[in-house]
Each structure stands twice: as C-alpha cells, then as structure tokens.
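K.L.:
Relevant sequence annotations retrieved from TrEMBL are reproduced here:
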type   : residues : note
REPEAT : 87-121   : repeat 'PPR'
REPEAT : 247-281  : repeat 'PPR'
REPEAT : 282-315  : repeat 'PPR'
Amino acid sequence: MLSISRLRYAFLSVSSSIPNRQSRQPLPSFIDNLDDAVSSFNRILYTNSTKSIIEFNKILSSLVKINHYPTASSFSQQMEPTGIQPCIVTLSILMNCFCHIGKLNFAFSILAKFLKLGYKPDIVILTTLLKGLCLNGKVNLCFHDDVIVKGFRFDHVSYATLINGLCKIGRTRASVLVLRKIELMVRVKPDVVMYNTIIDSLCKDKLLTDAYVYILKWLRRKFLLMCSLKDAQKVYDDLLIKDYHLAVRMYTVMVNGLCKEGFFDEALSLFSKMEDNGCTPDGATYEIIIRALFKNDKHDKAVKLLREMIARGLL
C-alpha cells in the first residue's frame, strides 16, 4: 500500500517545478482574500486553456488559509463536471474543509476513497479526521481503537488532540485511560500539556481526589529538575488563577520539590501563599521546609518557622 505522505511530497515537488503554461495570466503567487480566489478560480474554470489540478489546489489551499472552508468545498464540486480528477493533495484539502464545516460523513468518505485507491493514510490524514471529530464534539475512543487495530499509529500530536477533545466534551475518564496507555509507551511519552489538560478537566468535573493523584504522580516522575519545576509551577499558578482550591498535600509536594533543588525563596513564597489561598500548612509541610532551611544554614528562618509550628500545635 502506497504512503500518502510520500505521494503528497512527490506531487508537490513536481508541481513546483512545472511552469504555468495553462493560462496567459498565471495565478497570483499569494491569494489572501476571497475576491482574488473567486476571480482566479473562474478564470481557470471558464477559459479554453488546459485546466490544471495544480492551479486548483493552489486556490483551495489559499481558501483554507483564510478559513473559507465552504467556498473551497463548493469549488471542488464545480471542478468535477470539467473532468479534472482530484489528486492526493486535493482530497487532503477537502477532508480538512469537511471537518471544519461539520460534514464528517463526507470527510470519512474521502478516507474510504483513499483506501479504495490503495493509499495508506498517513498521520496527517488521521490527525485531520481526529481534529474534525473534536471540533464537532464527536470524538471517542472507538476511532482510536479502530485505527490502531488497522495497523496505524498515533503520534504525540494525535494523542494530545485526542486527550484535549475528550476533555472538552466532558469525557475526562476516557482521557485518563488514554493517558495511562501513553504512560506505558516507548514511542510516545506524556508531556506537561497532556497532564495539564487532564488535571484542569478533573478539577472542572469536581474530581479533585483524582486530580491530586495525577498531579502528585506527575510531579514525582517528571518534574524534579529545575526546568520541570518551572513547568509544575505554571500548572499550579494556572489552577489557582482558575480559583481551584488545592489540597495541602499538593502544596507540600511542590514545596518539597523546590527545597530539594535549593530554591528556598520560591519554596517560602509558595508556603506563605498557602493560607492566602485558603489552605493551612500541616506538620509535614512545616517539617519539609524547616529541615531544608537548617540543612542549608538558614537557621533564623528555620527557627522562626519552628516556633510558628509549635504555636499552632503541630509539634
């Protein structure tokens, strides 16, 4: 079975090297508005010159770039009676258009056409369909499972799209299942965006216990280095901005990570924000930061916090 990505590359390479001899007035090198696209399309369609699918593809691509998906779809229908046969590039463009205007049946019919012609859909085609499902709130794990069974592979972008789409329609549990599958993979690994999407959705669904588990797991496994701690702080800040109430255990994990890396000012800053955000530090939080301060000869700060801990009856 031929690879669509190779055919697309070959087609574009050849088309770029062919001079435009079909018309005395070549297409503009860049079309950035609907009027130019319509006039260029009509000039090619209604002249006696040889009609080129390459030129039509340029127009369709330009329409997609300026988000005129229905117009691109309409143009493709007008092309058919002229005898111009769509190529791989044309079909890919049309699939994208149908996905954006909610005509998923048409998009999947193009996929069927790919398979009928003996072409193996590449990751671009699969991701396009997946984004279409997400845009129209119809994403589900069945699509993923069917694709995998047929021997196709999702990449990092595809999985991130799937997780985001599931979370947007309230299927957080399903997105968690996807994340668990990714965590077992070698080829694709979860990143901060995937975890943040899951955590945010769990919090929105009031599944805070689950959110804590994933934040803790994520912090312990992925974000113990300086660059990762910055990412972790971004997630915490994002959750606080959205007015989610974080548990003391979550703060404790973050304080512990900052202390281990020697970022005492950041740890103290986060510690001081806890009560402002409606969360009272417990004995474990105090113990972590006090030990870190003593270990690094910051005795005055450590003693101050120790006295505060005693005053609160935590020791």
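Keep in mind that glycine also has a Cβ here, set from the backbone N, Cα and C atoms.
Could you place the listed features in the three-dimensional structure?
P.N.:
Averaged across the repeat 'PPR' (87-121), the predicted model reaches a pLDDT of 88.
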K.L.:
Report the DSSP secondary-structure composition of the repeat 'PPR' (87-121) as helix, strand and coil residue counts.
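P.N.:
Going through the repeat 'PPR' (87-121) residue by residue, I get 26 helix, 2 strand, 7 coil.
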K.L.:
Cβ under 8 Å to the repeat 'PPR' (282-315), counting only same-chain residues 6 or more beyond its ends: which ones?
P.N.:
248, 251-252, 255-256, 259-260, 262, 264, 267-268, 271, 274
